[in-house]
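Accompanying notes for the structure given below.
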Amino acid sequence: MAVYHGMLRFGRLCIASLGARGPRTLLSRPRPNSKLQSVRALSSGMVNCTNPLPIGGLSYIQGHTDSHLVNTTVGECLDATAQRFPDREALVILHENIRLNFAQLKEEVDKAASGLLSIGLRKGDRLGMWGPNSYAWVLIQLATAQAGIILVSVNPAYQSSELEYVLRKVGCKGIVFPKQFKTQQYYDILKQVCPELEKAQPGALKSERLPDLTTVISVDAPLPGTLLLDDIVAAGGKEQNLAQLRYNQRFLSCYDPINIQFTSGTTGNPKGATLSHHNIVNNSMLIGQRLKMPTKTAEELRLVLPSPLYHCLGSVGGTMVSMMHGATLLLSSPSFNGKKALEAISREKGTLLYGTPTMFVDILNQPDFSSYDFTSIRGGVIAGSPAPPELIRAIINKMNMKELVVVYGTTENSPVTFMNFPEDTLEQKAGSVGRIMPHTEAQIVNVETGELTNLNVPGELYIRGYCVMQGYWGEPQKTFETVGQDKWYRTGDIALMDEQGFCKIVGRSKDMIIRGGENIYPAELEDFFLKHPQVQEAQVVGVKDERMGEEICACIRLKSGETTTAEEIKAFCKGKISHFKIPRYIVFVEGYPLTISGKIQKFKLREQMEQHLKL
């Protein structure tokens, strides 16, 4: 029997893809010019629920699955997992020597949630968590969800002006932090914004610059004007406070906002993407299903997480995936440390490892890399920025991570929308960010016309589905510019889709270099330079040029002990890539400006290069 679902779906989406121009633009066109004619009926044999295919030779795809989305809160998910696996190890904080099983974790989370309510925080209040990876971070993440409080994930590297910006933006009522980490003096930084703190009654702060902030909580030291987290958890253990928590939970909805995740700031001021229980619970459920977690034993579910918890990869892909699927979450260090990640794998028999490309490069380059035991590790996740094919191959071959998957997502999409299957081939993993996730739609559109592109033709990637954020907190206009009435989230990423539905990210629309009218995608050149035997890493940016508009600048980091010249690099390019893609400038660098989550800040790199080149 012929299945016409794809044609009907495509017809609706083709209209939606036009964004602000609306459906009338499409409907008024002469029928001969409509790409709708190219969509043919799909036979039932062509409909694949596990690996859906693009429709009609165009870059639109919809993810299918036999499982339904769930309408549960984070707290309900933790309760269910604790009931199923009470004695299974849930959380191991190696640098704090903390180990909890799921029953113990649930008990502590309930007490913390109850304690937060007992000090006057209420459903919908915003509570910032500011600090490195720690037991307190996981506790606050889960406790706020249990209590209906909105967690605000604050970058642990923020200084006073950045901190003031995010706390004011979302109207934080409270903030939690350790006294210090390395050179970061959290209490002193907050005092720069709130000099009133030192003399304030704990829990009753009145700040001129942060009028919403009343409650400051210290994780590890009694400090003037603050409440101590241990005292709050202890108070939460009282039966009357736990009873109040249970009463409050009757009024929680899975559609309530649970978390404000600030974008990484690779292009300017961060925006507060607001995510609900429904967003996060379902994304973590589907990530775990794609990783085959429901089929694995406790010994096969030991997830090593060196990534920061303030970022979606850590808090959703790490903490929530573990809580949903009964995996053991192993935090290897307070901030990223390649050696500590290797120690966690070796000593704790880690089976999964998460990280960004930059983190994996550092792990592979540890001087004593070969001394670690990789017999337990099977796979993991690489995400956060484009991963060069050579790096994917090195991880799989050198670390025994045959089930490694490449993941693509954005904070605004909760975050994962494309992901490999563990059984995908090495070439499929090295050449793409995987396939569409279930219950998610994706399309690639021409940035100038708004029409769907043909397969294997670059355009801007749009996403639609349950995963799309509720909006940017307090910024309705920016929300509408990003998620229009058609409900498509415009990623700003340039991508292409192949016949099997694999997606490849070729760059950011803002990073695309226009040199003398030619469009050049940095990711293509960055992958190319990694074929040079002496190149460890490459980043390509466009720098200003009076004649061409922009010129190409390749910022190259060489392998340890290697040397070469700009002339040799250019000679390597000749005959292998188009002449107009050969960089005018080759600059050798020791590193790149990074966000705390490991993403390269191209706009800062561009500024540095223009200064260096005196442009």
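Placement of Cβ uses the backbone N, Cα and C atoms for every residue, glycine included.
What Swiss-Prot lists as ATP binding site is Thr263, Ser264, Gly265, Thr266, Thr267, Gly268, Asn269, Pro270, Lys271, Asp493, Arg508, Lys599, and the listing cites similarity to another entry. The N6-acetyllysine feature in Swiss-Prot is assigned to Lys179, Lys182, Lys199, Lys340, Lys398, Lys510, Lys544, Lys570; the stated evidence is a large-scale study or a structure entry. Residues or ranges marked as N6-succinyllysine by Swiss-Prot: Lys478, Lys544, Lys570, Lys599 (among others). As annotated by Swiss-Prot, transit peptide applies to 1-41, with the evidence given as sequence analysis.
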Candidates Lys179, Lys398, Lys510, Lys544, Lys570: member of the modified residues with the richest Cβ shell (10 Å): Lys179
Minimum Cα separation from Lys398 (N6-acetyllysine), reported as the residue among binding-site residues Thr263, Asn269, Lys271, Arg508 that achieves it: Arg508
Neighbour tally for Thr263 (ATP binding site), based on other Cβ positions within 10 Å of its Cβ: 18
Residues satisfying Cβ distance under 8 Å from Arg508 (ATP binding site), sequence separation of at least 6: Gly492, Asp493, Ile494, Lys602
DSSP-derived structure type at Lys478 (N6-succinyllysine), helix or strand or else coil: helix
Entry from the recorded positions list Lys182, Lys199, Asn269, Lys271, Lys340 having the most other CB atoms no farther than 10 A: Lys271
Lowest local Cβ density (other Cβ within 10 Å) among modified residues: Lys478, Lys599: Lys478
Spatially closest candidate among Thr263, Asn269, Lys271, the listed binding-site residues, to Lys340 (N6-acetyllysine) (Cα to Cα): Thr263
Top Cα neighbour of Thr263 (ATP binding site) in the set of modified residues Lys182, Lys199, Lys510, Lys570, Lys599: Lys599
Nearest recorded site to Lys599 (N6-succinyllysine) by CA-CA distance, among recorded positions Lys179, Lys199, Lys271, Lys544, Lys570: Lys271
When distances run from the Cα of Asn269 (ATP binding site) to each of the modified residues Lys182, Lys478, Lys570, the nearest one: Lys478
Nearest-integer angstrom distance between the alpha carbons (Cα) of Lys570 (N6-succinyllysine) and Lys544 (N6-acetyllysine): 20
Integer Å distance between the CA atoms belonging to Lys478 (N6-succinyllysine) and Lys199 (N6-acetyllysine): 39
Candidate recorded positions Lys179, Lys182, Lys271, Lys544, pick with smallest Cα gap to Lys510 (N6-acetyllysine): Lys544
